[in-house]
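Asker: I am attaching a structure below and will ask some questions about it afterwards.
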């Protein structure tokens, strides 16, 4: 039909090239981690000590979040449900493959090989979450080819930033508020800034939800909500650290959910609830507790963080998103700046406060495990003393709380700068002519990229019979007809 | 629109007050359990022994049941899907927060603090399940403000009853048939008795399902079905006890599912299946095996219990629910008396039989672990002997099987009485004028409390064009139009 | 309405008879496994070593796949969503009960009893998956009574084949590519061959999808996708073997997903994506890695297998399925021959290659654990030597790689032959007159077996108002009207 957006050549060529490259790189560089290598099994091996049993439950939960949770959440548009769910599937799958290689090179590469275990997949899913969050900024306005190219570029930008921050700045960010949420947010805003479509500021006839799509989207929210404690605790230390991460995430989400309902009702003129708030703002607490999720911040603080994050997120949706779209040329389709940016900033600040307030009195000697960069450096006699109390303790950098806090601040700024620049550059690439970018009119429409079932037309046809009844009803669609 | 049901002031004020109270109580009284406290880590600590790894998998499964399973199941009405799913979300979230505090005070309070771990959250989710079951009795006829107030009152009623029964009567009820299902059922019936709406006995035009809502509801059933073994086994002893609980629950559900299909077909005039039966009656077996779920009742007994529970549940829906509504002023919207009451009574009876039939020949010395109140009391020489065989065995009350059985009977009556009284009192509070209770006409309608997408109207508009075709079709909606 | 397809007598009688038989057999022959038996607990028992904790997580994941994943996937028809989802529920439940007994007799029977633990349920779910895959071949054309009879016969056919192949031929097939997928496929084709309906080769007006059913079906795909690593790894050795199975399955699925998108676009005339491809072809990689899923095939090989399986599956849907229907009287409704047959054959071949290429250099001594039939036989001094390195190693048959490869080939042919014969015989039974088989016209229609909600009619009524507008649109339905 529309030659410029046909996927017939573009998508297969891109996929074929990428699959060939990935297969070649897998063949050359990817081998099994010792935990997945039959050769390393011997008479000392207890199979149940395999790292699989520590990592797989969290991996499985995050899988549900990525594929089912995000997939349903992004299917909230009435005429864009196929695209929301299926492009999420495609983009996520590709992002994970690509991250296994790129992130693997930075984090799991030694002896000339990337050593593969479930922990790599788990890390790759976090990189994938970054791409999917950024995807939220441009939902409805991008072709699957553009999304794959975005993932192709974002994964390296993210992996380098993650590696540089973790290796050189060395921060505490167990729940990924800085590295995942802030990076994803500002990268996505960078992309959408470049892809600015002025006419869409007047709204689009298909930028609407329907009864079933709203329910599907809430279902996605619920899956994200339910498994978010696994997401935030997957990469913490095992034991009490992970236990706290689960507790704080649950409490934070729980608090933000209550607050979201209250705010949704109070600012609605007719005192009703708005489904978009239930779908998005309820989740703010999960991000807000992220940076301090494994620290001894107290359950009450997690509760307060949930309320604060939710409030910022709600007002962001209400005032900031329209402002950004009209004045700053930043059309943030799903409001990722509210759910991931503002909350990420609050979370980073809370993390810094928690670092400054941490004392050995509260944490005991395991403070030097959680705040690992504050541990005494190699050779320091205090290290040996601490290692008697916490056997596996690794030497650190001997930082003070203030030093660590400053590094956190630096990491926030560097992450935001790197991601924004990366996003803008990626946006420029996405404007290249052969990437099947939809026209303004064809945005938010599954029909552009899918063979549609017969009833898809009839959905639009629903209205005419009404007008023949002279009911004179109006709906958002009328602006188009 | 409708001032008396606007949530604009009522809901935010209630939420704000409750969140302030909860935050204050968290700050004053909630601290970390030793398993979540960094300070208690030392060189003897094996992180993988943390209670998190025992409790979290069951917690995650129950989370899916509460938020996704119940949420979808309760979304079965055609015009009340938003409300069913979203009010479930709101009520569940609040109930868990509240139960962490109230139930925590009774079960996890020592040294002036509630000590928080995932096990508390798991217990709180069971308290939450109680509220959600009761919610089923008044689905479609209550505002979110009323639901929050109901949770606010039901959690303390439940926590006190649970504490009193467990502390003073001391019963075996691993799957919660008495304390969860019977309590929830009779509390809900008490509430709906007070909230009786005579006009709704003539039926309501919107009290119908549609194709998509029926499928969504079955999806909820399937999630409950799949994870029910985790629900019933979450609080048993670890090891063979929990293993049996999983087996019995699966077998019981499996048997009741088959029976439900048979009964649905045989009592349908045209020999067809009824979706409401598939959605509800199939689950009866999960409740029916509850009270004896960890005992050595034999797999065949679990199968028989599934069939019996399902049969009682089916006939309850068919004959008892209409009778209760017309003659007893008890409008049990989702038929909780069938799925939780009748099955709970059968389960309690089965539990008593299992207690009476238990012998050391069948159970070995671990009989005194499962039936912990039958263990010899502190100081009894037989206790020391048993502790050599079962190292962790705690002293009991030295009850005989008959004594224990009598206590179970007492617990059933006390639970029913306490819950019914609690329900009636709560119902009286819910009748207070400022709780946004919907009028009879506005029941079962999302539009009362939600901003609706454009196609919600068109759903109703579907019919007129047909009548202009002179098709003369009738549907339940015609009773209204 | 239609006496010949009324379930009023047929279904309840069949269910009642089967439940009576199952209950009797449970009572006579099913007891607890030692891990679920209170009597075997003593002062040496560590409750956390119970087999429950090794098996239950995988069981729970497979439960989601069976009931939610398959259920949603099979609900893809516009007018057959109730049936797809609910008949899957019924058939799965019955199959598992029946497999606990029949498969239990072959695999878990000793001392005159079937010993029941979660591992039996897990095995029974695999048998159940076999039935559900075969169900795919006849979806829309069979009554629930026929489906139960099919399960009643297929479970014994499968259990005997599985037992004979595992006991006498002794093969490596961790992911079940041969025993599960090939068996299920050719059994299903045998059934559908006998049930051939010539008129359906011209298409059926209701053999269509709609917007919501397509989304529901993709949701099913996503649940299968997410938990497939658990499916393929559930029955491997614990430790590095299971770890590899998870990795290979994820990589294979991931590769096949990308390829499916590319093929879907390139062969579509308008360069669009087809939902049926996304729903089915993406999953091909999960089957293709099956037979070698626990071997040291390298991550790159898993990736290549995913691409190959997906390609075969795609072209199978495109060319082979229509050919089979028109020329071979084999109407394969869901294309199970593509997703399970062709991929199963590729997987079997890959497994044979992996067996031939396996060396001690790659696997270390644990080669004799994975390829257990190559381990030296009882009494061989090399066995004792190996047992020092791999303590739990069991004596094998001392086969060479070539011998094992030949046995695999034999197993493939025997499995295909046994399943095809079993399928044909079962098909003949399903043609018996009193099994409520739908007429050609009533196929793909929920109304035949369900009480439908009011809007089900209105779905069909959607079209008339359009024609009064003289829009002159056509849709697949017009072929009927």
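Just so it is clear, glycine is given a Cβ too, placed from its N, Cα and C backbone atoms.
All annotation found in TrEMBL is predicted automatically rather than curated by experts.
Quick paste from TrEMBL:
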{"type": "TRANSMEM", "residues": "C:12-32", "note": "transmembrane segment"}
{"type": "DOMAIN", "residues": "C:23-433", "note": "domain 'Ammonium transporter AmtB-like'"}
{"type": "TRANSMEM", "residues": "C:56-77", "note": "transmembrane segment"}
{"type": "TRANSMEM", "residues": "C:89-108", "note": "transmembrane segment"}
{"type": "TRANSMEM", "residues": "C:114-140", "note": "transmembrane segment"}
{"type": "TRANSMEM", "residues": "C:147-166", "note": "transmembrane segment"}
{"type": "TRANSMEM", "residues": "C:178-196", "note": "transmembrane segment"}
{"type": "TRANSMEM", "residues": "C:208-228", "note": "transmembrane segment"}
{"type": "TRANSMEM", "residues": "C:248-268", "note": "transmembrane segment"}
{"type": "TRANSMEM", "residues": "C:280-297", "note": "transmembrane segment"}
{"type": "TRANSMEM", "residues": "C:303-320", "note": "transmembrane segment"}
{"type": "TRANSMEM", "residues": "C:341-359", "note": "transmembrane segment"}
{"type": "TRANSMEM", "residues": "C:409-430", "note": "transmembrane segment"}
Asker: Any chance the transmembrane segment (C:12-32) and the transmembrane segment (C:303-320) have 3 or more Cβ pairs under 8 A, given the pairs are 6 or more apart in sequence?
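Answerer: These two stretches do not touch.
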Asker: Given pairs 6 or more apart, does the transmembrane segment (C:89-108) have at least three Cβ pairs under 8 Å with the transmembrane segment (C:147-166)?
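Answerer: Contact confirmed: at least 3 Cβ pairs fall under 8 Å.
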Asker: If you average pLDDT over the domain 'Ammonium transporter AmtB-like' (C:23-433), what do you get?
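Answerer: Residues in the domain 'Ammonium transporter AmtB-like' (C:23-433) carry a mean pLDDT of 96 in this prediction.
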Asker: May I ask for the residues of the chain that lie six or more residues beyond the transmembrane segment (C:147-166) and have a Cβ under 8 Å from a Cβ within it?
Answerer: 11, 14-15, 18, 87, 90-91, 94-95, 98-99, 102-103, 105-107, 127, 130-131, 134-135, 138, 178-179, 183, 187, 191, 411, 414-415, 418-419, 422-423, 425-426, 429-430, 435
Asker: Taking contact to mean 3 or more CB pairs closer than 8 A (sequence separation of 6 or more), are the transmembrane segment (C:178-196) and the transmembrane segment (C:114-140) in contact?
Answerer: yes
